[in-house]
Amino acid sequence: MGPRAKAVCSLFILLQVLAEPAENSDFYLPGDYLLGGLFTLHANVKGTVHLSFLQVPQCKKYEMKVLGYNLMQAMRFAVEEINNRSDLLPGVLLGYEIVDVCYISNNVQPVLYFLAREDYSLPIQEDYSHYVPRVLAVIGPDNSESTTTVAHFLSLFLLPQITYSAISDDLRDKQHFPALLRTVAGADHQIEAMVQLLLHFNWNWIIVLVSSDDYGRYNSQLLNDRLATGDICIAFQETLPMPQPDQVVTEWERQRLEAIVGKLQQSSARVVVLFSPDLILHNFFREVLRQNFTGAVWIASESWAIDPVLHNLTELRQTGTFLGVTTQSVPIPGFSEFRIRRTPVRLPEPNRTSLEATCNQECDTCQDTTASFNSILMLSGERVVYNVYSAVYAVAHALHSLLGCTQACSKEVVYPWQLLKEIWKVNFTLLGHNVFFGQQGDVLMPMEVIQWQWDLSQNPFQSIASYYPKLRQLKAIHNISWHTANNTIPVSMCSKDCHPGQRKKPVGIHSCCFECIDCLPGTFLNRTADEFDCQPCPSYEWSHRNDTSCFKRRLAFLEWHEPSTIFVVMLTILGFLSTLAIMVIFWRHLHTPVVRSAGGPMCFLMLVPLLLAYAMVPMYIGQPTFFSCLWRQTFFTLCFTICISCITVRSFQIVCIFKMARRLPRAYGYWVRCHGPYVFVASFMVLKVVIVAGNVLATTANPTARPDPDDPNIMVLSCNYRRALLFNTSLDLLLSVAGFSFAYMGKELPTNYNEAKFITLCMTFYFTSSVSLCTFMSVYDGVLVTILDLLITVLNLLGISFGYFGPKCYMVLFYPERNTQVYFSSMIQGYTMGKD
């Protein structure tokens, strides 16, 4: 005997103790093909699953479930409506057998009854492909626990089961539940709708309360998984105690409820997400009212979102705003009248025996109870009711296709597995909604977020938003009446959201609890990338405090219209014109003693580069380019080196004539014969060219932008030769020191040859200004560096023009009597006689 046969054998033993249902028009309707219905008409708070007991529980002893009776009537209405149609199953009558499952207490007995034959036997066979059970399909039950139990039995026979409100995602496993389908979206969609609702109102600090059964644990785990990577934090999560079947509050339960509600009072969170069956919540909400806990937003799961009994506890309006996630309301024409219509009890049929009322097919108080709740049931709309209605129609359409109905149907034997294959294929429109089963066996009907209202003129469960499972999107949130002062949206945040440009500094273990810290200048906050760290701006950009982005810095360089530039340009023009005038004067008096003592033709070797240096001053003004930086780094410094080297060699030559010619006559002779001054200048020029070429190769001539330390909004655009500046001017500095030394040595020479004061002044100014500029540039990067660089350069040029050539021109122009050979000879003779 195989495992499957053994399982059926065990069921057969239990089946023998079960009785046939009592006759009742609400629970039984004969027909050519029967459907089974499992509904919760009565419910114990926590029923016991009687798998190990022979006695079947009597559901009528438990509390009446109004919604369960409402759903049962939907199945009856759908069957009778189909039987009255001529286009669907013509000539075929559907019947039903409906059983009260008492929530989870009475699951096994009904499914065994449905699987049995008309003679109440369930044979043990190896092949059930040609087995015909009492019913062709089962509608229900309503919760995931019961559905799982029933599905394990029905799947052995591939008997179709369509549940209308069991949302557990485990039921999508077709390897374990091949015969199970649903006309309701899964639990993941309920969670997604809740999360999107929380995000819409910026509620990132919530409390989660769950029941201690599988429903509470499963849904809370789904919520925790969904929030693991989100922006919503759970302040705390508590498990509600399971009440006693008689609803008497025990001391332990009372203390537990007091502690939970007290914790709610102390928490800063004001949004409570509650996953629990409705019967567990009565004692909890009584404790909430007793402690006068108010100002909360209650978010209900589908299990109690539209429960009329809880809604009838009108004092709950004082505790806050009630929102819930449930299925979409689809009005069913004629159903409201059918639901409250009392049907006379039919007498038992001759072929049916009235047995003991242990089969849970009676509800003495259903009619009276539903009549009292009829206004709420009518106004709440046919929500879950449509799920039952569409499930019956899905079976009818599948049977219509299987029987090959056109004008009439062939009433042949139908096996459950044949019907199951056809149910998977159905695709029809019912009351404006397309009904078909997806790959996971679900009909993705839209869901709604509802708000509880207690105003008699309004719908008690008013729709405020719609959720579309196919899009996984919550839309059209509107018409919410907040139970707060001035109808303001409640706030439930551990920390208020930071202002733009402020980063979050976490406080504690929750990412929703934080301090807001301003982003410093030069940094910005990119919330989409990282809310907890300010990002530095790129070097060419800047930001102010609390900026969310960086802006490009303004490029600063010497511009022609600036006062400092105009001043330097005027000095340059003065120097250029003065140098040009000096050239003219020296050219006209080239053979005079004054010009010859200044260097003669070598003066023009100084004046021409000096003019070129003045002419290249505009290279310092305007936006730097590669070529302007290259000219400044090469040709300008070469011109200046020529001038310095000429002054130095001239100072050395004068000292040689008066102090070394007599002591070293042969050396002096070589100096004169080999054109020592020109060789000296040429040698230093070659060395300078090597230095400049090395700098050009080692560094780039491209201009670079550096932040201005005085104004971070500015980027100073300048030539990139700062690192090479000291090395580039080292030769010039060495020449200036040598020139200064030789000039100092010649301070006792004849007056007309004594240039110590002027050369010393020029060389001292150049040395100190160059060293100071290099030092300043190494510690400061502002726009002032460029201005000082140009100003010092022009002043050095002016120092040579006026400091070295100025006195000569003054002598030539204003003291012509001293510019004679006789005067110079007398001065030399006087110096010689004085030395002797």
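A Cβ is built for glycine as well, from the same backbone N, Cα and C atoms used for every other residue.
Membrane sidedness, as given by the topological domains in Swiss-Prot, differs between Asp278 and Gly599.
Swiss-Prot records N-linked glycosylation site for one of Asn526, Asn728, namely Asn526. The transmembrane segment annotation in Swiss-Prot falls on one of the ranges 194-214, 782-802, namely 782-802. Note on proximity: among Asn427, Asn479, Asn546, the glycosylation sites of the record, the Cα nearest Asn292 (N-linked glycosylation site) is that of Asn479.
Calculated from their C-alpha atoms, the gap between Asn486 (N-linked glycosylation site) and Asn479 (N-linked glycosylation site) amounts to 14 Å. When the glycosylation sites Asn84, Asn312, Asn479, Asn526, Asn546 are compared by Cα distance to Asn427 (N-linked glycosylation site), the shortest distance belongs to Asn84. Taking CA atoms as the reference points, Asn84 (N-linked glycosylation site) and Asn479 (N-linked glycosylation site) are 40 Å apart. Between the candidate glycosylation sites, Asn84, Asn427, Asn486, Asn526, Asn546, the densest Cβ environment within 10 Å is the one around Asn546. In this chain, the transmembrane segment (681-701) touches the transmembrane segment (635-655); three or more CB pairs sit within less than 8 A of each other, excluding pairs fewer than 6 residues apart. Assigned with DSSP, the residues of the topological domain 'Cytoplasmic' (587-601) fall into helix, strand and coil as follows: 9 helix, 0 strand, 6 coil.
Listed in sequence order, Gln462, Ile464 are the same-chain residues at least 6 apart in sequence whose CB falls under 8 Å from the CB of Asn479 (N-linked glycosylation site). Taken through DSSP, the topological domain 'Extracellular' (702-724) splits into 3 helix, 11 strand, 9 coil.
Neighbour counts were taken as the number of other C-beta atoms within 10 angstroms of each residue's C-beta; across the glycosylation sites Asn292, Asn312, the minimum falls on Asn292.
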